[in-house]
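A.B. asks: Please read through the structure below; I'll follow up with questions.
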């Protein structure tokens, strides 16, 4: 590189030679006009000029900024309840500024001035403190002199008064007075010495405790400081936080904490200790150092509260009433074997056990005070009069219950029932020789257990129909159990006596094994032989019912507000919720306000079992009522009340309580079945949307379908209800991939449109047998297939040949079945499988063939296996899929 002289450099940078020489001189470089300039000299000059214009020179950058980025993913729950991932980027910046030498010098001067000012302030404060102390000492001495002079003056006056009194006293009185004075002075001196000694001991004890506590705190603080420093060394500090700032914050925190503890430590000393410490030579020496603090907390006894527990309560609310943390309640319940969460609803029994376990007194609260008040505020002052018996007809399927009742009512109802089977409860009343009897007909199918149980609870007498040619069947035994559980007398009607070869004694023997003993055998059960087809024995059966009712002496008040029970309920298109009610007491009138389970309403219309409008109904009369707010559950009690507003409040309270109890039961079931739910990914589900004509059918079908569930396939009722199939039901089925089942109901136009567009599976049924069978078939189709291996051929190895292309070729004789080229094989030696694979070649007379039958010779090449020996057996098999059924 060519050298540059001063003149050329001045021309390049656009300045004069004299000015450039002057700048070189200021930078400490001596140059002449014609001398050359090196690169180092140029750098020195540039550095000098940069400093002159406020720069930092070439020592390094004046300011340096460090940036740090960290990215992470945060899971956030949106408004729809679904979790989504959000990218979070954290940026941290720290800036370093380089101080010049001049700034450093100014900083040093400033620090020196501050230090000098601080020393002057300290000296001034010390001087003021000394002056204040001298002033206080002078005031103290003056006060002591004044007190001493006052005491001497008082003593002088007391001596003068005493001498004056002594002059007036007798010698005996004077001696006694002097003795009392000496005794008083001695007692006062002893009291002062005892108080002083006690104060000294207390001061020593406090000093010793303070010293021990100070040592403990010092060791603890030292340990905490070491741990903090260790954490700081291992942790990654924020780049903008300096070490000095962190240390200053730690010192400030420690000072604040110390001040807080000192403030808590200060307590007012007892009056006698103050007095003892303000006397004598130990004056002012009993004050303990205020900078020390103790860490001892006085132990407190557990607070035992009275906890009021309602029927359902959340864990958080229970913890609040016990004045403990929710985590403590959760921990206690875990120890008791219940896995709960803080917001979970638990029942009254569980809450009572937890509260008693934690040592609290439990008060059980009944929240149905309004309900009891409304139900008690009823007029039931009517005189009881004889009423008609309520008779329930029970029996097994197709044993003739409905036919027997039809003959009594002289109306054919059984032919109208689908499949000749009673699908839901029917209630009728008939007149027999001037006496009225109300009959309840119950289904005999196994699915309708709950309906039969409700029928037994609402009845006075049970007629058990048993077919003479069929004998005692499962539902017959169940009916006996229901009647016994309800405490209802039985009348046995042995039906189908018109058939040839029937044996009624067989029925008696079988029922006798169930402890249903006939009257002629010494029991209390009436047996009547009947035929629903010819009418044989029907009059005797009705006579037996009337005789039994006379023995029971059935009475009920006919005047007053009515009460009854819901036999059945349904949703009628055009009329709304319809409930069949059996009146048990009082008179039910049109316009009455009825509280019916979870529903309420004013009766808009009443109809009897024949569909005729009526205005009132007395005891033992079944009626249909319209006007309820919803569909009540079969078996609910129906009660007439005065106030519609209070009836609404009670119904809403019952709905809330039912919801809470149901939620608690579901949560408990979820937790108990936690481990079984872990494997639900392998379980197939058949989703069903079920609609039926009456509530009882919904219960029966849901129960039957749920019982079909197995470990591999489960039936899930995703939706159910009373009434026709609506567009909402079809949409639900489409969303949950369910089949739509209608039992005695049909889909409306909008629902059919959705079903066609979504290509849903819609099925109508009128007999419960068909419904259960078809759902069972659908479940069978979802079972995992089962595979079975079948041996189709067996070949004996007679000789082994070697092939350059394939390897070992087994010359075989087919001894059983067929050897197929495409089938898998096993090689057996001494009846032990030594290889499993497939055929590579199958030839007969050098021709490739597809199969070789029994009794023929062939050559077999086993793929990837050359250890075939004479005497081995080659077994050919195929895998067959077997269709599984439930």
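Cβ atoms are placed via backbone N, Cα and C, with glycine included.
OK, Swiss-Prot features for this one:
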- 395-402, 441-445, 495-498: GTP binding site (BINDING)
- 72-82: compositional bias 'Polar residues' (COMPBIAS)
- 130-163: compositional bias 'Basic and acidic residues' (COMPBIAS)
- 175-239: compositional bias 'Basic and acidic residues' (COMPBIAS)
- 246-260: compositional bias 'Basic and acidic residues' (COMPBIAS)
- 386-555: domain 'tr-type G' (DOMAIN)
- 46-91: region 'Disordered' (REGION)
- 121-297: region 'Disordered' (REGION)
- 395-402: region 'G1' (REGION)
- 420-424: region 'G2' (REGION)
- 441-444: region 'G3' (REGION)
- 495-498: region 'G4' (REGION)
A.B. asks: Look at each of the binding-site residues, 398, 497, and point out the one with the fewest other Cβ atoms around it within 10 Å.
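C.D. replies: The binding-site residues 398, 497 were compared, and 398 has the fewest Cβ atoms within 10 Å.
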A.B. asks: On the three-state reduction of DSSP, what should I expect for residue 398 (GTP binding site)?
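C.D. replies: For residue 398 (GTP binding site) - judged by DSSP and reduced to three states - the answer is coil.
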A.B. asks: Taking DSSP three-state, what's residue 497 (GTP binding site) in: helix, strand or coil?
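C.D. replies: Once the DSSP labels are grouped into three classes, residue 497 (GTP binding site) ends up as coil.
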A.B. asks: Let me know how many other Cβ atoms fall within 10 Å of the Cβ of residue 401 (GTP binding site).
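C.D. replies: I get 27 for this one.
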A.B. asks: Other than its close neighbours in sequence, what residues sit by the region 'G4' (495-498), given a CB gap under 8 Å and a spacing of at least six beyond its ends?
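C.D. replies: Contacts with the region 'G4' (495-498): 395, 399-400, 404, 465-470, 504, 529-534, 536-537.
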A.B. asks: Can you tell me which parts of the same chain pack against the compositional bias 'Basic and acidic residues' (130-163), counting only residues 6+ beyond its ends and a CB-CB cutoff under 8 A?
C.D. replies: 177
A.B. asks: Need one number: mean pLDDT over the domain 'tr-type G' (386-555).
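C.D. replies: Value for the domain 'tr-type G' (386-555), mean pLDDT as a whole number: 77.
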A.B. asks: Take the compositional bias 'Basic and acidic residues' (130-163) and count its residues per DSSP category (helix H/G/I, strand E/B, coil), listing them in that order.
C.D. replies: 34 helix, 0 strand, 0 coil
